[in-house]
């Protein structure tokens, strides 16, 4: 097959692993910067061009689209879909997952347990917003934040009010969430491929921090997950329409709670910790599901 990887940086670990895994299986792979793609949109002659050339048809596209380029990155992916390429995560699913409010609403409607969560833009009554999620301590997040950026633990009501007021001054959407103290700065990252959790790690925040993101200095070890956690991770990914997902779960006293579903999970930390060939499993999924011309038949 001919496969395109959409990424701004082909030197990243995840891209190199996917490239290597696909090449080992005999596929032809090209890494494309989605921001350098430009498109002709017309009923009879739609096409994609890249750095002065008309791109050929790709059997499959692997989107590795960063959060800051979601709009144009998914637009480029959508064009590939309309031209008949199979996407490893559809553009609509990526957009859905990147919208934190929308994704939480869909997960809640599906009956998936979440931390108590409130969202606001300019709350007239900060005290009521805080009370709505059970009071302090609580976590205040910028809806657009990623990798632990724009996330603050407010241990008292006064601190929570100050953080919310400060974030409100940024003209940003604010997400307020109960703090799961018993998690002790740990979470579980489940890597879902299709209808299977292929690997899972427990991430522990560094001393003095509650954010377990590996980008923030957290450490990881192999996680032994329960059948319930496995079911929740798969259901969360399927609820958002994702074939590939990193599902973050907190272990609370009342049971596992989904924190977030990542549509473009990094492979480095989880592959190096578990030794699982996740990139190979992703390519294998493409081989089993990339039906030629599927999106041409369905309209994308």
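Placement of Cβ uses the backbone N, Cα and C atoms for every residue, glycine included.
For reference, Swiss-Prot has these:
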DOMAIN    104-287  domain 'ATP-grasp'
BINDING   141, 178, 179, 187, 211, 212, 213  ATP binding site
BINDING   248, 260  Mg(2+) 1 binding site
BINDING   248, 260  Mn(2+) 1 binding site
BINDING   260, 262  Mn(2+) 2 binding site
BINDING   260, 262  Mg(2+) 2 binding site
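Annotated features, which come from Swiss-Prot, shown on the structure.
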| residue | record | DSSP (3 states) |
| --- | --- | --- |
| 141 | ATP binding site | strand |
| 178 | ATP binding site | strand |
| 187 | ATP binding site | strand |
| 248 | Mg(2+) 1 binding site | strand |
| 260 | Mg(2+) 1 binding site | strand |
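In sequence order, the binding-site residues near residue 248 (Mg(2+) 1 binding site) (Cα within 10 Å of its Cα) are 187, 262, drawn from 141, 179, 187, 262. Remark: residue 262 (Mn(2+) 2 binding site) has 97, 245, 246, 247, 248 as non-local neighbours, by Cβ distance under 8 Å and separation of at least 6 in sequence. For the pair residue 179 (ATP binding site) and residue 260 (Mg(2+) 1 binding site), the Cα-Cα distance reads 14 Å. Recorded residues residue 187 (ATP binding site) and residue 260 (Mg(2+) 1 binding site) have their alpha carbons 11 Å apart, per Cα-Cα distance.
Per-residue pLDDT, averaged across the domain 'ATP-grasp' (104-287), gives 88. With a 10 A radius on its CB, residue 179 (ATP binding site) counts 19 other CB atoms from all the protein chains. For residue 141 (ATP binding site), the count of additional Cβ atoms within 10 Å of its Cβ stands at 23 [all protein chains shown].
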